[in-house]
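All remarks here apply to the structure that follows.
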Amino acid sequence: MKVTVVGAGAVGATCADNIARKELCSELVLLDIKEGIAEGKAQDMMQTAALLGFDTKIVGSTNDYSKTADSDVVVITSGLPRKPGMTREELIGVNAGIVKSVCENILKYSPNAIIIIISNPMDTMTYLALTSTGLPKNRIIGMGGTLDSSRFKYQLSQHLNCSPADLNAVVVGGHGDTTMIPLIRLATWNSVPVTKFLSAEQQEQIVKDTMVGGATLTALIGTSAWYAPGASGAALVESILRDEKKLFTCCVALDGEYGQKDICLGVPVTIGRNGWEKIIDFELNADEQAAFDKSAAAVRGMNDVLKTL
Ligand SMILES: NC(=O)c1ccc[n+]([C@@H]2O[C@H](COP(=O)([O-])OP(=O)(O)OC[C@H]3O[C@@H](n4cnc5c(N)ncnc54)[C@H](O)[C@@H]3O)[C@@H](O)[C@H]2O)c1
């Protein structure tokens, strides 16, 4: 198996590191437009192989897409990250051009690849990748809800004083600070609804902290976070290559599901060897569906900006 990660910055390098440590593929290509950075980080990671005991061969490339040929999965992280005070949406102008050209270059050498989009604004970049490549919809997966759901579990675990791994909790909708919807009504602690253990105030706080999870870290670090985003990308790669059919919230093309069409938005999907394979209907209640529709309207507005670029 072969995987390419485009963008050897904070998120791309962390994602690649996770993929290599787990030996998800025999060859891993890290590609960046900036001279030398991908080769340098690839070599640095290879120098951990003897210590960590993995066999994945990591190759760096400065914009030479021939090295990415015949990749089974490609993770796109190239583009600007946000700085403190910025929204993800402000990145659209620069990142749309990057994501479109990266997709074109990738498909020249790996026409059968499954593509995971991480670059922001992720919902719109996923829609752009889908519409500009014309690939079957199951091969384009946006990574946002996977991260947001993991952040949701972290926030819940802090209030419940429990292991995040014992929690089932998902965030659906867009990947923006105001468009994501943490579904606290459906969250469980080993199958018991978390709402049984949390006051209304605590629930409200958890939802609020989850929604601004990325912005909180951007303010603390000075740029957007990378450990959980990189691990989230690698978790999707793992579910694809090992055909695990795990359930993740991913940004995928909707065709009537959750009441929406002609849009890519975060919903629970199974991830396996064919990319995203099945959308699971969580039967939102009226309030949740209204929030989902509002989220879709905001993302649609952002998608419309693509026409003006
Ligand atoms: N979807 C999510 O959940 C999520 C989470 C975190 C970050 N992000 C997004 O991921 C992206 C990367 O974030 P980061 O922190 O790694 O940024 P970064 O600046 O550390 O790295 C980005 C890398 O992309 C490279 N790049 C730029 N244009 C390129 C091109 N045309 N081809 C190849 N490489 C190119 C840059 O040289 C840089 O090394 C940002 O858009 C950020 O907002 C998304």
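For all residues, glycine too, the Cβ spot is worked out from N, Cα and C.
According to TrEMBL, the feature domain 'Lactate/malate dehydrogenase N-terminal' maps to 1-142. If you look up TrEMBL, you'll see GLY7, ALA8, GLY9, ALA10, VAL11, GLY12, ASP32, ASN95, ILE118, SER119, ASN120 marked as NAD(+) binding site. The feature substrate binding site is assigned by TrEMBL to ARG82, ARG88, ASN120, ARG151. For 146-298, the entry in TrEMBL reads domain 'Lactate/malate dehydrogenase C-terminal'. Among the features that TrEMBL reports, active site, proton acceptor is placed at HIS175.
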Spatial neighbours of HIS175 (active site, proton acceptor), counting only the binding-site residues GLY7, GLY9, ARG88 and Cα distances within 10 Å:
ARG88
Let me make sure I understand the span of the NAD(+) site: among GLY7, ALA8, GLY9, ALA10, VAL11, GLY12, ASP32, ASN95, ILE118, SER119, ASN120, what is the greatest distance between any two Cα atoms, in Å?
17
For substrate, what surrounds ARG82, ARG88, ASN120, ARG151 with a Cβ no more than 8 Å from their Cβ centroid?
PRO81, THR87, PRO121, MET122, GLY144, HIS175, GLY176, ASP177, GLY214, ALA215, THR218, SER224
Look at each of the binding-site residues, GLY7, GLY9, and point out the one with the fewest other Cβ atoms around it within 10 Å.
GLY9
What whole-number distance in angstrom separates the two most remote CA atoms of the substrate-binding residues ARG82, ARG88, ASN120, ARG151?
18
C-beta crowding around ARG82 (substrate binding site), within 10 angstroms:
18
For the domain 'Lactate/malate dehydrogenase N-terminal' (1-142), what does DSSP give as the number of helix, strand and coil residues?
67 helix, 28 strand, 47 coil
Using C-alpha positions only, work out which of the binding-site residues VAL11, ASP32, ILE118, ASN120 is nearest to ARG88 (substrate binding site).
ASN120
C-alpha of ARG151 (substrate binding site) to C-alpha of VAL11 (NAD(+) binding site): distance in Å?
16
Using the alpha carbons only, what distance in Å do you get between GLY7 (NAD(+) binding site) and ARG82 (substrate binding site) once rounded?
15
Whole-number mean of pLDDT values that fall within the domain 'Lactate/malate dehydrogenase C-terminal' (146-298):
98
Hey, how far is GLY9 (NAD(+) binding site) from ARG82 (substrate binding site), Cα to Cα, in Å?
13
For the C-alpha pair, I'd like the distance in angstrom between ARG82 (substrate binding site) and ASN120 (NAD(+) binding site), rounded off.
9
